[in-house]
Amino acid sequence: MSVQKMMRVPRKMVGGRIPFFTCSKVFSGFSRRSFHESPLARSTYEEEKVLVDEIKQKLTPDDIERCNKLRNIGISAHIDSGKTTFTERVLYYTKRIKAIHEVRGRDNVGAKMDSMDLEREKGITIQSAATYCSWDKEGKNYHFNLIDTPGHIDFTIEVERALRVLDGAVLVVCAVSGVQSQTVTVDRQMRRYNVPRVTFINKMDRMGSDPFRAIEQLNSKLKIPAAAVQIPIGSESSLSGVVDLINRVAIYNKGDNGEIIEKGPVPENLKPLMEEKRQLLIETLADVDDEMAEMFLEEKEPTTQQIKDAIRRSTIARSFTPVLMGSALANTGIQPVLDAIVDYLPNPSEVLNTALDVSNNEAKVNLVPAVQQPFVGLAFKLEEGKYGQLTYVRVYQGRLRKGNYITNVKTGKKVKVARLVRMHSSEMEDVDEVGSGEICATFGIDCASGDTFTDGSVQYSMSSMYVPDAVVSLSITPNSKDASNFSKALNRFQKEDPTFRVKFDPESKETIISGMGELHLEIYVERMRREYNVDCVTGKPQVSYRESITIPADFDYTHKKQSGGAGQYGRVIGTLSPVDDITKGNIFETAIVGGRIPDKYLAACGKGFEEVCEKGPLIGHRVLDVKMLINDGAIHAVDSNELSFKTATMSAFRDAFLRAQPVIMEPIMNVSVTSPNEFQGNVIGLLNKLQAVIQDTENGHDEFTLKAECALSTMFGFATSLRASTQGKGEFSLEFSHYAPTAPHVQKELISEFQKKQAKK
């Protein structure tokens, strides 16, 4: 039983308000933390806070003032939750743009942050777009660096690299659909980079909207304590404003585009609900914040400021998310979110950022967001612009000046910052200097995504972002003879997007591109046509299979080759076995006693292992979760060399692999389908045909969401089938889940097909 439920005893109404009291004996008998544990372990956060406080001591008053007025935030959500529409209103209300334009380019202009024609046509965000704006709150001017990210799972790398450099985020949730599949993915990404968030429940003007159901899903599905700090005035099409629970005041948007904020008394019919939800907010905060818990135990009613302070502490600690609500399209409830960004999300001095000192055995170093410190910055995104490669940089320490020389820690190359700009979607504003905590872009720097730059006085390296494996591949051939533009396009796309991979298959003489899904690859093929005038023919999408083994197999292999003069000789003995812990990947180990194989030959064995794992013995796909142990062997005084042992290792691996009951593994995807209720039977029938395993079904007001696991190999063409089954009203998303063995008959077919191809050579 949760503490919150225990606390909610029947109460008498007193003058329209619920009195603040509780049974402290019952409350104190339980550990609050056990019910709503922070995503980050409490002890870890407290250690982090101590370090942050130590860093603050090194800041000058000017640094503190500059950081206090700065927020680096991202807008993240499931596709079609209204992120870009929300961002468009933010830019309008902060006077960054003079007119509001809609997604999909319905007004022939399109949303500011969707600068690509493809984004405006399809109504989706493909690349994360950066901008900056200013917001006045209580006479103080705050500076926001804002990144709008894609919602489609195929472009998840854009979310990864945005969250890597942001200090906070706004999680946008649809009031009708609630927490959806990509919401869960974004939540996981936020936890990976320890990014606190405020939540905005959008589309409150739509039929079937239910913000409190969405809040319940935040608690149950995302496992993060969440509570409303607002309630709506009116519902669906009659939505007219929101009630601020903390200040007990009604907020209305007036003017042609909701730019005028009017505050007034709370409507009488909403006062009971306001007090109920305000009390729930306080109880939830008492569950995650020590100071609020003490007041709760002492039966003191907290002041407005004390509630705000508790929300800020617990939000930054990533143990709570305040929930606001409104409708971006209806221009309702956006300005209070801007106030919440200032009030509850951290500034750069309140976030712990670390680097590794390459010159000191990679010792961990805490970065100080002070302009007088040595410069440290991370290149988190590359883009090909009209004036050459545009490199987005987050400055973590020191300052970056136009004309300065900076050093790439990975390559050791020193480069000059010829031009420094702030980005506003596809537009640029030249600046001379950028301080710590800021996000900017620069031209003429040759680097890779994830490289660290310093001023040369320190050798600090920052960890890069997580890059998921590609799951779909297809062959691509240019129609025209313009091979140079074809190569240019592929090279550029690979540099910009770490999840887009290109390789040349020497057997089929084809170029193979790999990515996160069909849409991901389709977008790049279309961009090649539009941006480089290269029409391409693509093959049928191919699944990226993996090969593995199920039982151990011993090996004792001798490689001999005599061709006159010095020959080749290498003998390796050991075991090939499956790896139980799938997080460890492939493992190569040696346990040689008495130096029977010298270290330089063992290093060659390791290289042979890595090489043979790239192309498995069954069907030529990568090997997964296999451990190779070499514990004995032999050398020849004259004939042994590195090549001999590399060859011996690869041959021993192939031989043992085929005796270890090998299996072909295929990617299993998490599938989420949303459709109107009348098509539920059709959708279930469609998934059953694909042999999908249905995990969960949620029925909403007028639509349902079905979650299932399904082999990727059966999902090609699913979009067409779903459109036919739902009269074009269904939508779905795919996300990689895990690898699982294929059915025996499928494995047999794949091996047979591979062997036929090999025989034709």
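Counting starts with 1 at the first residue shown.
Cβ coordinates are placed from backbone N, Cα and C, and glycine is handled just like the others.
Residues annotated as transit peptide in Swiss-Prot: 1-42.
Annotation comment: Swiss-Prot describes 68-349 as domain 'tr-type G'. Averaged across the domain 'tr-type G' (68-349), pLDDT in this predicted model comes to 86.
Within 10 Å of the Cβ of D80 (GTP binding site) there are 20 other Cβ atoms, across all protein chains. Positions annotated as GTP binding site by Swiss-Prot: 77-84, 148-152, 202-205.
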For A77 (GTP binding site), the number of other Cβ atoms found within 10 Å of its own Cβ: 27
Secondary structure of M204 (GTP binding site) (DSSP, helix/strand/coil): coil
A77 (GTP binding site): secondary structure state under DSSP, collapsed to three categories: strand
